[in-house]
Amino acid sequence: MTESVLRARGLTRRYGRGSGMVRAVDEVDLSVPAGESLAIMGPSGCGKSTLLHLLGGLQRPTAGRVWLAGRRLDTMSERSLARLRRDSVGFVFQSFHLMDELTAVENVELAALLAGRSPRQARRRAGYLLDRVGLADRADHLPSALSGGQRQRVAVARALSNEPLVVLADEPTGNLDSAATLEILRLFEDLRTEGQTLVVVTHDSRIAAIADRMITMRDGAFADDSRLAVTAPVHGGWR
Amino acid sequence: MAGRLLLVCRLLVRDLRRRPIETILLVVAISAATGTLTLGLALNDVADRPYERTRAATAGPDVVARPHTTGQRALAALAPLTTSAGVTGHSGPYPVAFLVMTAHGRTVHTVVEGRDTAPARVDRPVVTEGTWVRPGGVVVERAFADALGVRAGDEVGVDGRRLRVLGTAVTTARPTYPYAGWIDPDSALVERGGLVWVHRADIATLAGARPLSYTLNLELADPDAGAAFVDSATTLHAGELSTWQGIAEQDGRLVADAREALLVGSWLLAALSIAGVTGVVAGRVVGRRRRVGLLKAVGAGPAMVAVVHLAEYLVIGLAAAGIGLAAGLLAAPALIRPSAGLLGVVDTRPPALSTVVAAVSLAVVIATAATLVPVVRAAFASTIHALADAATPPRRRRWRVRLSRRLPVTLLIGIRVNARRPRRARLVTVNTLITTTVLVAVLMNHAQDEPFDLGYTDLVDPRAERTDQALLVLTVVLGVLALLNAVVTTWTAVLDARRPLAVARTLGATPAQAGLGLGVAQLLPAIPGVAAGIPVGLGLYTIVGPGELRYPPDSWLLATALGVLLVGAALTAVPAMVAARRPVADALGSTPA
C-alpha cells in the first residue's frame, strides 16, 4: 500500500461555545496516499474549507491530529508550520489571492524567493511553471490584465513553485466562468496524471469527476468516501 | 434642502458616535496644532496687560531719563528736562550705582537706586512684601528677588556690605529682571542685572569711590507722546530716554523667544497634524467605502457625498479649534508667570479676535487639507466598486519589486508592503522629518550659551527659562502627536497588509518574517525623514535663532536620530507582531479579495 502523504485522526474544529458552538469539522479521519487526487464536496458551510485549512496548517484544530509527510502539524510552532507550508504544501484559493501589484511571473516566483532561492533560480522556475500552465506569453502581465482562468492558472503555477508534496485547492473554479473552469480542469487533470497529490475542495462535480476519490461532507463530518474510476480525460484531444 | 441638511447631520452624528477613537485622534491631532498656535499668539496679549495694570498702580513714568555721565554732569544734563514742554511732573533725579549683590552664595549685577522714604509723585513702587526703604535696608525688585530666592528679612551683601532685605516691590520705571539696565562703568556696555532700592542716604556709602549716576522719571501731558518728546529732547546728548512703551516692550522680550519658538513650532505641528489627520481620514474613508456606494446608489451625487464627509471633518476641526484655544489660553499664564515682575493676575479672557481667527483658520485648513483628496476621490468613485467594498488597487512600483527580489525575506516584505501604498510611506517620512527637526532645534537651543551672563552669575536667565519651558511644551505636544501618527500609520499599514502578508505566510513566510517585514516597512521611510530632519532642524534654528550659534555635538544628533528610529521601531513592533500572529485563514477570509 502507498504511504499516506496526508493523514488526520479525530480532526475537530469547533467555533464558539455552549449553545452557540459550531462543529465546523467533527472528528474526521482521513488518509491521502501520495499521488492521489481527492475531491471533497458538500454543501456550503459543511466545513470543507476549514478542513482544507486544517490539513494545510493554516488553522489549528481544536482536537485531533494531522500528519503531513509523517510530521505532526497540530503540535508544530507557527515558524515550523510556515517552513512546512513553504516546502511541502501548495495552496490554490477560490479568489486567487494574487498580489495585484506584481506581474504573473513575479507572483509565481514569490514562493521561491520566500524559500530563499536566488532571484535567478526563482525566475527560471517561475518561467517554467508559467509555460507549463500555458501562460508564458502573459508572464509580464499584471493580474488585472488577466482573465479569471488565467489568474487561477497563475495561482496554480505559484502553488507548484516549490515542488510541494501536496496541492490543496479551495474552490479553485468557484469564481470562474465555464471556459475558465475548463482550463483549470485540464490543468488539474495534467497534475493528477503526473502523480501530484491533490486535495480539492469543490462544489463542481466536473472537478470531482477527474479525481481518484471523492469525499462528501455534511455538518463537519464525512458522509461518503468513494473511489472513482476516471472514465474520460477532460481535455480529450486538447494539446 | 432641509431634508438634505437633516441627512448630513444624521450621518455626521451617527458616524462620530460609531467611531469614537478615530474622532478623538482627529480632535487631538488638530487641537495640538491650534493649542500651540494659540499659546504663541496669546503670550503677547498676556505680557501687555499686567504691565499696564502695574503702571497704573505705581504711577509709572511716561519717560525715564538716564544720562551716561555721572555726578554733577549728569544732574546738569537732566535738569532742563523737568521744565521741558509737555512735562507735567517728575520724580528724581535719583542717584544710581551699578554694583554687585550677593545672596545665598550667588553674585549678580545689581542696579542700586537711592530713594526717599516718602512716596514720589511719579514712580511709586508698590511693595508686595515687607516694607519700603529706610536706612540700612534694601528693597528688591520682585522678579529679581524671585530669581535670587530672597525674601523680606533675609540678609544680602551689596559690594561687600551686609544689608537686611526690607521687602520686595514692583515698578514700571525699569524693565523687570534681568533687563534692569546694568551699565559697566569701564565700558559703558549695558548688561543684564536686577534692580534694588536703598535709602538715598545709604547709596553714597555703598558706591564708595565710584561716581553716582542718576535717573529721572517724567510725567507727560500726553502719555502717548513719549516718542515725540524723546525726539525733541536734545539736551541729553549722552544718555538714554525710555518711553513707557519701550519699557513694556522690553518686559515683553522675556517671552519673545518662547513666543517665536511656539509660533514656528505651531506651523511644524500643523504639518504633523495634517500628516496624522490624513492617515486617519484615509483609513476612515476606506472603512466607509461601502457607505459611499450606498449613498450613491440611492441617488446622492458626488457633491452630496463630499458634503457629508467634509461636514464631519469641519465639525471635528471646529471642536478641535475650541479645545486648542482653551488649552492655549489656559497654558499661557503659566508660561509667562508675570507675577514675578508685574502686578495682578493674568487675564487672558476674552482672547484677542485675531487669535481666535488664527486658531480656527488653522483647524479648518488642517481638516480640509487632510481630507480633501480622499473625500473627493470617494465622491467620484464608481458606485459598483464602492458597493463591492473593494480596496483601491495598489500601484505597481517596478524598480522596488525588482530590487527587493535580491534582498532577504524581511526586507523583501517590507519594501513590497511600502511599494503598495507609497503615500502612507511618505506620511511616515513627514512624521519623522518634523519630529527630528523639532528635536534637533531643541538640542540647538540647549547647545547655546549665554555669552553675556557667563562669569558673573549662575542665576537662571528667565528669558531662557521661559524659552526652555515653551520648547518643553512644544516637545511634549509634538511627542504625543508623533506617537499618535506612528500608531495610526502602523495600524493602517497592518490593516492594509493583512491579505498580502497572509498570502506570504501561506507561501511559507514565518510570522517573524511577516512581522519584521511590517516593521521594516515603517522603519525604511523613517530613515530619510530622520536624515533630513537633522539638517532641517539645524537650519531652522539658524534662521530663527540668535546671531552667533553653537552646534550640539555630533553624538547628541546621532543619539537623537537613533532614538527616533528606535521609538518608531518599538511602536511598530507591537501591532506588527500582533498582526503576524493572527491565523492566516482568518486574515484570508476576513479581507475582501
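Using N, Cα and C of the backbone, Cβ positions are placed for all residues, glycine too.
As the structure is a computational prediction, the values presented were derived from the model and not from experiment.
These features come from TrEMBL:
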type	residues	note
DOMAIN	B:265-380	domain 'ABC3 transporter permease C-terminal'
DOMAIN	B:473-581	domain 'ABC3 transporter permease C-terminal'
TRANSMEM	B:21-43	transmembrane segment
TRANSMEM	B:261-286	transmembrane segment
TRANSMEM	B:313-336	transmembrane segment
TRANSMEM	B:356-376	transmembrane segment
TRANSMEM	B:425-444	transmembrane segment
TRANSMEM	B:470-495	transmembrane segment
TRANSMEM	B:516-544	transmembrane segment
TRANSMEM	B:556-580	transmembrane segment
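The transmembrane segment (B:516-544) shares the most Cβ pairs under 8 Å with B:425-444, out of the stretches B:21-43, B:261-286, B:356-376, B:425-444, B:470-495.
Taking every listed stretch (B:313-336, B:356-376, B:470-495, B:556-580) in turn, the largest tally of C-beta pairs under 8 A with the transmembrane segment (B:425-444) is reached by B:470-495. Spatially, the transmembrane segment (B:356-376) is not adjacent to the transmembrane segment (B:470-495); fewer than three Cβ-Cβ distances between them are under 8 Å for residues at least 6 apart in sequence. Where the transmembrane segment (B:470-495) meets the stretches B:21-43, B:261-286, B:313-336, B:556-580, the count of C-beta pairs under 8 angstroms peaks at B:261-286. With DSSP states grouped into helix (H, G, I), strand (E, B) and coil, the domain 'ABC3 transporter permease C-terminal' (B:473-581) comes out at 95 helix, 0 strand, 14 coil. Among the stretches B:21-43, B:261-286, B:556-580, the one making the largest number of Cβ pairs under 8 Å with the transmembrane segment (B:313-336) is B:21-43. Long-range Cβ contacts of the transmembrane segment (B:261-286) within its own chain (Cβ-Cβ under 8 Å, at least 6 residues beyond either end) map to 19, 22, 25-26, 29-30, 32-33, 36-37, 39-41, 43, 292, 309, 313, 362, 365-367, 369-371, 374-375, 377-378, 391-392, 423-424, 427, 430-431, 434-435, 437-438, 445, 467, 470-471, 473-474, 477-478, 481-482, 484-485, 488-489, 491-492, 495, 540, 544. Mean pLDDT for the domain 'ABC3 transporter permease C-terminal' (B:265-380) in this predicted model: 75.
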